[in-house]
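Residues or ranges marked as transmembrane segment by TrEMBL: 6-22, 42-62, 74-96, 129-150, 170-189, 201-219, 285-306, 318-336, 348-369, 390-406, 412-429.
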Amino acid sequence: MEVFYYLVFGVMAIVVAILELSKTNKDRINTSSAFNSFKNNYLLIFSIMMAGDWLQGPYVYYLYSTYGFGKGDIGQLFIAGFGSSMLFGTIVGSLADKQGRKRACVTYCITYILSCVTKHSPQYRVLMVGRILGGISTSLLFSAFESWLIAEHNKRNFEQQWLSLTFSKAVFLGNGLVAILSGLFGNLLVDTFSLGPVAPFDAAACILAIGMAIILATWSENYGDPSDSKDLLTQFKVAAIAIASDEKIALLGAIQSLFEGSMYTFVFLWTPALSPNDEEIPHGFIFATFMLASMLGSSLAARLMARSSPRVESYMQIVFLVSAASLLFPIITSVLVSPSKVKTEGMSLTSCIQLLGFCVFEACVGIFWPSIMKMRSQYIPEEARSTIMNFFRIPLNIFVCVVLYNVNAFPITIMFGMCSIFLFVASILQRRLMVISDKPKAEDWLPMKDRNSETEPLNL
């Protein structure tokens, strides 16, 4: 079956190359030199930050197992990471609106470097601290950088359409090319140079330190609401009122949680789906294939967002439906072909069919990221952007913790079916978002201090 891997990878690589090289003027956005300089600086830093994250991913479980921890202990460590992202990450991420997004990005580098340092210890408590720091870092990675970008883009009076170009390129590089190169570099350190499973974490710490230095040297600070009168609890109230008073924001949060919850669940499920009897499969090569599929999706998203039609709100309905259908492949194959309990050499025919479906899902992931970023830039108010984005991650982290805790309680087909249902619901919510997106808000969103001034009685 090795020929099948190479065939799938090669075909997708050719399609991505054709998509990138065949862009016409309709698929490109004419920009200014000042914007290009700004965009390239952000893409460089974001790619470095993602490299620091991707270098660690494939070796976290492996490192814990080499320290002698079992599946249960490792599962608790992962749950601690997502729980930390939900609790502490929400608080720290929300401070970015008040204390500054640049500072939040620097904090991401520091906390993730400290998390990498803890990997040198085989002590469970130290590793638990590392997971908590990693959870905080994850929240900052997926909120502070995007918040800084949008605010700085608007502050420099660049055209709004240009923002979609930065989003699509960030996903193409950070979630695609950088992920593939990081996987290969990590493999080089661990297998070729035999530096041990801690080596990728040391490399990640060095890369993050370089990225932090570039941020400190080149980025200016921006805020959501720097007013001294607003404490953290008030910021949370501002975010809650914004979500409750604007259906678009609430729908966007629900859509994001449903899709990302299904995506993170897929991360835990694809290995047992493709090797149900513990067959030897090339995990690294399959991971690279998934990332290439994500690059294909982001390239398609760049073409779609460069045009005025179809709108993001429109084509994302189809993306969610296609992603829901792609995760039904394990269920369909199990119905059509009786699952074998005999260990085979490499992947079976049904696993190969599932792999194709999973590549389609990863392509949808590549379209999802820049598209959801664009919708967030349109609908989330600047004053509470980081806070609201971290609020969106609360149900996501709860969902992932529940799935991790019960991952062995249900058959894998049930888990895939649940994800497919969630994605179908996301499509329905996306349809609702499209319907109301052209309607004006019933009430313009106001900062909390303006609402207070309207409701406070006059002191006579």
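We count from 1, first residue shown onward.
Cβ coordinates are placed from backbone N, Cα and C, and glycine is handled just like the others.
TrEMBL annotations: computationally assigned, not manually curated.
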Counting only residues 6+ away from its ends, which parts of the chain sit with a Cβ under 8 Å from the transmembrane segment (74-96)?
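Distal contacts: 61, 64-65, 103-104, 107, 127-128, 131-140, 143-144, 147, 224, 232, 235-236, 239, 386-387, 389-391, 393-394, 397-398, 400-401, 404-405, 407.
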Between the transmembrane segment (170-189) and the stretches 318-336, 348-369, 390-406, 412-429, work out which stretch tops the count of Cβ pairs under 8 Å.
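Stretch with maximum Cβ contacts: 348-369.
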Apart from its near flanks, which chain residues at least 6 from the ends of the transmembrane segment (6-22) lie with a Cβ under 8 angstroms of it?
285, 288-289, 292-293, 295-296, 299-300, 303, 355-356, 359
Would you kindly list the residues that approach the transmembrane segment (285-306) from elsewhere in its chain, counting only those six or more residues past its ends and only Cβ-Cβ distances under 8 Å?
5, 8-9, 12-13, 15-16, 19-20, 23, 26-29, 58, 161, 164-165, 167-169, 171-172, 175-177, 179-180, 183-184, 270, 274, 312, 315, 355, 358-360, 362-371, 374
For the transmembrane segment (129-150), which stretch among 42-62, 318-336, 348-369, 390-406, 412-429 has the most Cβ pairs under 8 A?
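Top-ranked stretch among 42-62, 318-336, 348-369, 390-406, 412-429: 42-62.
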What else in the chain is close to the transmembrane segment (390-406), if you only count residues 6 or more beyond its ends and a Cβ gap under 8 Å?
75, 78-79, 82-83, 85-86, 89-90, 93-94, 139, 142-143, 239-240, 243, 252-253, 256-257, 260-261, 264-265, 268, 415
